[in-house]
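Below: one structure, written as structure tokens.
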Amino acid sequence: MSGPSSWRRAATVMLAAGWSHASPAGFRLLLLQRAQNQRFMPGAHVFPGGVLDAADSSPDWVSLFAPRHTPPRFGLGPEPPRQPSFPGLFHGDADGAALPDDVALRICAIRETFEEAGVLLLRPRDSARASQEPSIALSPPAGLADWRSRVRSDPRCFLQLCAHLDCTPDIWALHDWGGWLTPYGRSSRRFDTTFLLCCLRETPRVEPDLAEVVGYKWLSPSEATECFLSKEIWLAPPQFYEVRRLENFASLSALYRFCLDHPLEVPEKWLPIVLLTSDGSIHLLPGDELYVKGSDFLEKNMSIDKKTEEIVTEGKVVNRIVIHSPHLYEIYMTLTSKSEHGYPKSYTAKKSCTARL
């Protein structure tokens with residue numbers, strides 16, 4: 001059985017980029033296809049990211065950020081309040097850590113994006129951090145394959161790459177978005193993953209590493225939904241939920257402006273509780289009337305001797321993902337939020353979609 005001490009911390013970045021072609025979609029998201037031989041979510045389309053490494057909080061980063069950006073915050077703004085995201089899963093900065101937790105997680109996401117996709121979210125060391133426009137990814141360096149191999153073998157080499165390019169990780173371009181904890185039973189490997197968002201003016205060149213990642217797609221939120229329903233791609237429930245949440249924004253500028261004007265004071269991290277019904281399953285999320293706060297379901301699922309449709313019909317206050325099949329999810333939502341970030345709208349698949357599944 002997996003316990004709290006066995007959870008692995010991770011960071012992922014949702015890259016939203018402008019689109020040069022005529023299209024009603026205001027932006028597209030980078031989704032990477034994981035290789036089938038991967039232990040966790042084989043074949044899935046995911047946002048770039050990976051596991052936090054000790055190298056991501058190395059004190060050597062301090063001198064690279066200097067002199068323009070100094071500790072402890074390196075210009076990120078006020079430190080977010082520390083509070084447990086879930087009982088038994090409190091993560092504060094390690095005692096004596098050279099970098100704050102949210103800085104290290106950003107470096108992790110940027111490093112993993114380079115490893116998996118060859119995209120460099122860096123900026124010149126002497127550049128100002130403030131910008132009223134989305135960022136631009138750095139062009140891949142000469143010897144991309146060699147550098148990527150070195151970083152994959154030893155994450156400390158990512159700092160060497162940044163020093164070689166006279167750049168720093170563009171931690172200021174990554175905005176807090178939220179986070180997800182792997183629910184019980186999804187996999188023997190469980191992750192505490194911070195979700196970040198980065199807006200880019202244009203789509204950068206993507207070069208999958210052809211090891212962990214074998215392909216990629218740039219898709220608008222609506223396109224990603226359609227590709228999922230048509231079985232062209234597979235999304236895990238958290239990715240599907242976030243794709244639908246991003247549907248709230250009509251354009252890249254609206255999304256970027258929201259990130260600048262509404263920084264999250266306390267980024268939420270959710271643990272879905274899996275409710276097993278007699279004919280399917282439902283992922284219950286915080287705020288749902290059936291969601292149980294506390295650690296009771298950290299290591300087990302809920303179950304009920306009712307059909308999924310009965311549970312859906314009875315629901316009054318809901319925030320849930322109904323899993324009908326691997327390629328058919330529905331979102332039921334009655335909660336309200338003061339901002340676009342809050343929640344996705346309810347989403348039920350069209351009958352034409354269900355007929356072909």
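Numbering starts at 1 and runs along the chain as it is shown here.
Here the Cβ of each residue, glycine as well, is placed from N, Cα and C on the backbone.
Residues or ranges marked as Mg(2+) binding site by Swiss-Prot on the basis of similarity to another entry: Glu112, Glu116. Spatially close to Glu116 (Mg(2+) binding site) yet at least six residues away along the chain are Leu32, Pro48, Gly50, Pro208, Asp209, Glu212, Val213, judged by Cβ distances under 8 angstroms. When secondary structure is read from DSSP and collapsed to three states, Glu116 (Mg(2+) binding site) falls in the helix class.
According to Swiss-Prot, the domain 'Nudix hydrolase' annotation covers 10-242, on the basis of sequence analysis.
Of all Cβ atoms in the shown protein chains, 12 besides its own fall within 10 Å of the Cβ of Lys300 (N6-succinyllysine). Taken from Swiss-Prot, the feature N6-succinyllysine covers Lys300.
The motif 'Nudix box' feature in Swiss-Prot is assigned to 97-118. Among residues of the same chain six or more beyond the motif 'Nudix box' (97-118), those with a C-beta under 8 A of the stretch's C-beta atoms are 9-13, 15, 30, 32, 48-53, 55-59, 61-62, 71-74, 76, 79-80, 91, 140, 144, 148, 151-152, 155, 158, 161, 169-171, 174, 176, 194, 196, 205-209, 212-213, 216.
Counting only same-chain residues at least 6 apart in sequence, those with a Cβ under 8 Å from the Cβ of Arg34 (site 'Important for coenzyme A binding') are Phe40, Met41, Pro42, Gly43, Ala44, His45, Val46, Glu212, Val213, Val214. Taken from Swiss-Prot, the feature site 'Important for coenzyme A binding' covers Arg34 (among others), and the record attributes it to similarity to another entry.
What Swiss-Prot records for Phe40 (among others) is site 'Important for coenzyme A binding', and it gives similarity to another entry as the kind of evidence.
Just so you know, the Cβ of Arg189 (site 'Important for coenzyme A binding') picks up 14 other Cβ atoms within 10 Å once every protein chain is counted. Residues or ranges marked as site 'Important for coenzyme A binding' by Swiss-Prot: Arg189 (among others).
In this structure the C-alpha atoms belonging to Arg189 (site 'Important for coenzyme A binding') and Lys300 (N6-succinyllysine) are separated by 15 Å. All protein chains shown were included, and the count of other CB atoms within 10 Å of the CB of Phe40 (site 'Important for coenzyme A binding') stands at 18.
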